[in-house]
Amino acid sequence: MEDMASSMLPAEAGNNVHNMPAVTTQDDALASNARLRANKPFPIPIPIGDKSNDKNTSRKFYEAHAKNLEAAKKLVEKYVSSSEEEDELDETKILKALYENYSDRKEDEHLLAKTASFLENILHSGSATCLICIASVKRTDAIWSCKHCYCFFHLNCIRRWANDSMAQRKVQERNIQGYYNHLGEYVPPKKEKALHWCCPQCRREFQPNEKPTTYECFCGRETDPLPQPWLLPHSCGEICGKLLQPNCSHKCNVLCHPGPCPPCAQYAIISCKCGKSQPKSMRCLEKDWECQEKCNLLLPCGRHKCRQLCHKPQQCPPCSQKSIQACECGAESMKRQCCERKWQCQQICSKLYACGIHICKKVCHSGDCGECPLSLPRSCPCGKTKKVGPCTEIIDTCGDTCQKILACGQHTCTQRCHKGSCNLCLVITKKKCRCGLHEKELPCSKEFTCETKCKQSRDCGIHSCNRKCCDRNCPPCNKVCGQPLSCGKHKCQSVCHKGPCYPCGQQSQVNCRCGKTRKSVPCGRERTVRIACLELCKIPSKCHHVNQHRCHKNECPPCSQICGLPNNITGCGHICKAKCHSYVKVSSKSNSDTVHIWEATKRIEYKSLPHPRCEEKVLVACIGGHEVEERPCWNSKPNSCQHLCNRQLPCGNHKCTLICHFVSHPDNMEAQQGCMSCENGCNIPRPNGCIHNCPRPCHLPPCNPCNAVIKTKCHCGLMHIIYKCCDYYNNQGNETDMSERQERLKSCGNRCLKNYSCGHRCAAQCHAGPCPETNNCRKRLRIYCECKRLKQEISCDKHRAGLTKLMCDENCLEIIKKSEMSRQMAEESLRKQEEERNRLEVEQFEKRFNKRKHKERKSIELKEKREINWKLLFMYAGIFSAILLAVGLAFYEDH
């Protein structure tokens, strides 16, 4: 609701000040408000330009700005903060508007009051309270709402509450054990309730799977609802959709809301209960309506008619008339309710049975008394013998042992068959007491109890049982808990229990400061509760203004109104528009020599501060006459605008570059006393390419020709060329003449040192760019066959045409074939040498690492020595030498 109020204020204020020319939007109003409260000046843009209508534009701008400022002041005076808007919420009007469609029925008042209480708590942020942690439930907190009592808690608090409750019940079930009674029988422990947890407010039981895990809106449709400024906190803003109670098959059409749904407001055409009246339109909640006609149906008594008003058929109430009614036996008559026709008196019947000897001993009854009970088959007192005889005959005992089970349930009666009840059991047995600690011989009919007190803790876990001879089934603790509750004022009045006490359920009444507004809050929330009192504060104002704030709890807030008194500090005569400073809190440090060590070092005082410096806007021109700006009154002395002077100097080419300075005639833009003198050189553009400055001081065009000497290398880079700048960059003639002139000046006249693409030297003179006539080269060069044996000289143009090598003849092919054969023979010789070397290495390895074997004598075979084929050897040597000679000749011719 706080966000709602803050977002509504600017729109409402905008409607009130609809005559504002520029401040018409929410952002503009807020910006103006913020600047006025912070005493900050509004930014005023300075018109830039030298048009003829600048003065009219400036005047219109200042008039519009003045109107905007007045409108902003009115907005600030009527502005109310979001917190004040929240304080002024009228719950009565809101609830009245919400329930205006419902009739005032008494049976609906408790539902409406319950919903109203929840809406009242939810309308103000900080008013709702979590009963577990006794803290405020904010609009941004995750909550859980009980479906039975509609009380809401923090989600983390109720989750922790459920976990603690179920953990305590698990511990209690674990500690409960069975015991053996005095008869030695095992008594199992009492069956506890299923694991559950309860709501802290209504004590309604919930199953473990109902433990809240997610934050949902009140209707449960949306998970993690986002806080919206126009909706109730924790609401999704959609239609509730829950079935109304009592169930009429209609659903709630109110937006998602806390508390129970209001009564059904639908209408239906239906007749009354008895069906005698004509159907008419009634509210769904009142569809079981009653007409004013009486029933007049005959009641079951058969005498009177039903005098009740309209009701459903066959549901007439019992007859309420009184009449004389006889009892069942007819001996007495008395006036009784007509609906109670059967009743019995206290007289015994005393009629004779059919035997004519014995009388009926039944209390008042109707009808025949029946046969004489003594004429039926009868047995002896112990039941062992049965006999049928006349009612006058007396059945004696049979003389046998009785043997009926005595009251102890273990022994039988040892007397002879007798009339009446058996005596007590006198058998001596060893009996244990109830607690099972002691044993003693006693008659079976007597109970043995010892004097030992039970020291076992009761279900509260605090107090001991202290009952004599307890059978371990200790009664629940009946003492009052008495522990202080979380509110700090009351004590727990519940029966002594385990775990934390339930929150304090009492209410406290809190009054506002003036005493006109009261509010009931949970006990323990008196100090932090927020009371929305709509009355003005009654405390006298400390300054010269009238109080404009609401009734509050603590000290009065500082006055936020504008001072409004003349500023007597500056003497300018303007009204002080600063925040009121007649009664301001000031903190000052105390003297450490005089203050005790335990006293505070800061001292708070309330003082009347002097007026601050005047912030009224006045128009001030700079000392150079360049611009006019609005400045605060306290800083209205003219000074430099820090812009350039820009007045025309006598040279006619430059302007004054000094920072804005004082001049006698600010409107004249010619150089005046105080402006700089031109000390620059000539800045007239030189011919294209000339990089030398004019040696003359600043003057009007034209400049003298440039006689600077330029020394640079020629095109080929061998010699240095010297020429004048005016000759080289002469603008006379067309571009072709200029390029030829520059080419001629930079050429040394020698032969060019560059090579053609074919690799031969250029035949032209020193020139720039690529060499001319590259296709006319006629230099001689040699070409060879593939084996380099044949050669021939040709011209360069034929080589460029594609003649780059010669074809090999038959001799060349023969030489190539012989060289290939010699190469293969050399490779075969190397392979055999490698195999022999590998074989020797294998034999040495086996000799070294294998086991020694019996050496057998080997027969020595004498190999005949082969004769050397000198002819073949000389032939190979000749081929190899020929190849070497051919390679050497080819290499020599190339170089």
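Each residue, glycine too, has its Cβ placed from N, Cα and C.
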For the coiled coil entry in TrEMBL, name the matching range from 32-59, 200-227, 816-843.
816-843
Residues of the domain 'NF-X1-type' (460-479) by DSSP state, where helix covers H, G and I:
0 helix, 2 strand, 18 coil
Is the domain 'NF-X1-type' (690-708) packed against any residues at least 6 beyond its ends, judged by a Cβ distance under 8 Å, and which are they?
651-654, 678, 680-684, 724-726, 729
Intrachain neighbours beyond the domain 'NF-X1-type' (301-321), with Cβ under 8 angstroms and 6 or more residues off its ends:
272-277, 290-295, 337-339, 341
Close approaches to the coiled coil (816-843) from elsewhere in its chain (Cβ under 8 angstroms; 6 or more beyond its ends):
787, 808, 876, 879-880, 882-883
Distal contacts, the domain 'NF-X1-type' (355-374) - CB-CB under 8 A, six or more residues away:
327-329, 331, 344-349, 391-392
Taking residues 6+ outside the domain 'NF-X1-type' (651-680), which of them lie with a CB under 8 Å of any CB in it?
621-626, 640-645, 697-700
Taking all residues of the domain 'NF-X1-type' (543-561) together, what is their mean pLDDT?
84
